[in-house]
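Structure first, commentary second.
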Amino acid sequence: MTKLAPSILSADFSKLGQEIIDVEKGGADFIHVDVMDGHFVPNITIGPLIVEAIKPVTELPLDVHLMIENPDEYIQMFADAGASIITVHQEACVHLHRTIQLIKRTGAKAGVVINPATPAEMIKDILNDIDLVLIMTVNPGFGGQSFIYQTIDKIKQIASWREKFNYSYDIEVDGGVNTKTAKLCTDAGADILVAGSAVFNRSDRHQAMKDIINATK
Ligand code: DX5
Ligand code: ZN
């Protein structure tokens, strides 16, 4: 069963709590939280304060995507704020194995993200240690960008290694996911779809989520 993680990056921040309650009612499986620091990506968004504020609003796991430099310095803060899953970019971690252990020690699930230009091979040696692989299907930084189709082969590669080596990580994709691209991702092996603008840019979020899931069938 494909799972959906609406990205609140495209939500109406003036009523963020209601937005989260709305997508939870509509069947969302996770709340995807995009954390940007203005260094690793050219945008600044959410910090631990907001994560802490939204935690009591929802029963859904908070899937915290760290697009920041020096993630080691902030992992504990996000875990304390209520993150259930913490994902870090391979490109931002010099000692990725250490960073993954740090996340695990907080009790959160640990995931690694790779940008569109990063080959799957870059994370091959950490796959046995992680709960989630997040494959960027746009360059991180903004919502509403177009899906980069070359990433499909990478989703397939990550899925084939999971099968071959009997690993247990989930495969999540992020960026440009909509009714046109969702099925390509799930056919390639994705289990969790992040969708920002395709959910929150429509007035009926429940219908928007249903449309994305139905498009995968
Ligand atoms: C992009 C973020 C995404 C973003 C996706 O840097 O990581 O989570 O919100 O937005 P859409 O679905 O609009 O491409
Ligand atoms: Zn994201």
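Count begins at 1; order follows the chain as displayed.
A Cβ is built for glycine as well, from the same backbone N, Cα and C atoms used for every other residue.
Residues H32, D34, H65 are given by TrEMBL as divalent metal cation binders; from D131, D153, D170, D174, that same site also lists D174. Residue pair S7 (substrate binding site) / H32 (divalent metal cation binding site) shows a Cα separation of 4 Å. In the three-state DSSP reading, S197 (substrate binding site) counts as helix.
For the pair G176 (substrate binding site) and H65 (divalent metal cation binding site), the C-alpha distance works out to 16 angstrom. All protein chains included, S7 (substrate binding site) registers 25 other Cβ atoms within 10 Å of its own Cβ.
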